[in-house]
Amino acid sequence: MAVVVALAFVFLVMFPVPSPVRALSSNYYDHTCPHLESIVTSAVKKAMSNDKTVPAALLRMHFHDCFIRGCDASVLLNSKGKNKAEKDGPPNISLHAFYVIDEAKKALETSCPGVVSCADILALAARDAVFLSGGPTWDVPKGRKDGRISLATETRQLPAPAFNISQLQQNFAQRGLTIEDLVALSGGHTLGFSHCSSFQNRIHKFNATVDVDPTMQPSFAAKLRSMCPAHNKAKNAGSPLDSSNLVFDNAYYKLLLQGKSIFSSDQALLTTPKTKALVSKFASSQEAFEKAFVTSMIKMSSLSGGQEIRLDCRVV
């Protein structure tokens, strides 16, 4: 669900693995900060009115946060001194829209100071990003705490766009997420954009015998090659992740079945009978996709995180 720089596979047992939190509840702030949700939604709406890429950015930011040390807002922390934080790790360099969380936090510190975690703000903002893009909404369980540790080196835990199906399954299983969660959360790629570097491996020098990944639809591959030549120098060159990348829909799965996916990790979902069946199911039913996506988002966003409430989301 993330546009990331391809990285070599790393055995995840080297890193701390988050686990589900049992203390979260949808009415956690009902008495201590009753206007929380409207304040966050207002910040997301305002940002979207000025920048159409905000929803994809917030969804991706939340995913990248939860996959490292749980949903603890560690992805928001700035690097300090010799410590290089997560946001400056290779897969996260293109993350943006941090200011949306900052604006929401600022308003909340005026309304209910010291009460709401940055991690909860990010989880709510990701939900709003999906809903305001035409997708489903859901009650976000709340009560996350913010973490103090943010290490760029740990961004190696994020699933890379060049991962095969076994690497993806292991990556998700490390977090207690199933094959259905993997396929459903991959549907987050219905929003967003990828830089050329994340899919160069499929359109140039694919292997020793062919230049282009043969699973790609030829005219689609040719289009990507024209946007991303072999020695691309354009910093912002790339491709939308699906044909309606500002709308949360099931087009991602339909295009995947047509050989028009962007990442190797997308194409990998067609390489086992179970994952391919789920792709087909979600391609044929927007309702089935949305139901599965909501279930998996709640599950992923309930991974344990930190121990405190930060007053500034970027600083410990």
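Yeah, the Cβs are placed from backbone N, Cα and C, and that goes for glycine too.
Annotated features in TrEMBL:
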SIGNAL    1-23  signal peptide
DOMAIN    23-316  domain 'Plant heme peroxidase family profile'
DISULFID  CYS33-CYS112  disulfide bond
SITE      ARG60  site 'Transition state stabilizer'
ACT_SITE  HIS64  active site, proton acceptor
BINDING   ASP65, GLY70, ASP72, SER74, GLU86  Ca(2+) 1 binding site
DISULFID  CYS66-CYS71  disulfide bond
DISULFID  CYS118-CYS313  disulfide bond
BINDING   PRO159  substrate binding site
BINDING   HIS189  heme b binding site
BINDING   THR190, ASP242, ASP249  Ca(2+) 2 binding site
DISULFID  CYS196-CYS228  disulfide bond
Within 10 Å, the Cβ with the most other Cβ atoms among the disulfide-bonded residues CYS33, CYS66, CYS71, CYS112, CYS196 is that of CYS71
Out of the binding-site residues SER74, THR190, the residue with the smallest number of other Cβ atoms within 10 Å is SER74
Across the domain 'Plant heme peroxidase family profile' (23-316) the predicted model averages a pLDDT of 96
As a whole number of Å, the Cα atom of CYS66 (disulfide bond) is distant from the Cα atom of ASP72 (Ca(2+) 1 binding site) by 7
Among the recorded positions listed as CYS118, THR190, CYS196, ASP249, within 10 angstroms of ASP72 (Ca(2+) 1 binding site) by C-alpha we get CYS118
Students should find that the Cα atoms of CYS196 (disulfide bond) and ASP242 (Ca(2+) 2 binding site) sit apart, in Å rounded to an integer, by 14
Counting only residues outside ASP65, GLY70, ASP72, SER74, GLU86 in the same chain, those with C-beta within 8 angstroms of the Ca(2+) 1 site's C-beta centroid are CYS66, ILE68, ARG69, CYS71, ALA73, VAL75, ALA119, GLY147, SER150, GLY305, GLY306
Those recorded positions from CYS71, CYS118, HIS189 that fall inside 10 A of ASP65 (Ca(2+) 1 binding site) by CA distance are CYS71
CA pair SER74 (Ca(2+) 1 binding site) / HIS189 (heme b binding site), Å rounded to integer, equals 22
For the binding-site residues ASP65, GLU86, ASP242, ASP249, the largest set of other C-beta atoms within 10 Å encircles the C-beta of ASP65
Taking the centre of the Cβ atoms of THR190, ASP242, ASP249 as the Ca(2+) 2 site, the remaining residues of that chain with Cβ inside 8 Å are GLY187, HIS189, LEU191, LEU241, SER243, SER244, ASN245, VAL247, PHE248, ASN250, ALA251, TYR252
CA pair the residue listed as 'heme b binding site' / GLY70 (Ca(2+) 1 binding site), Å rounded to integer, equals 21
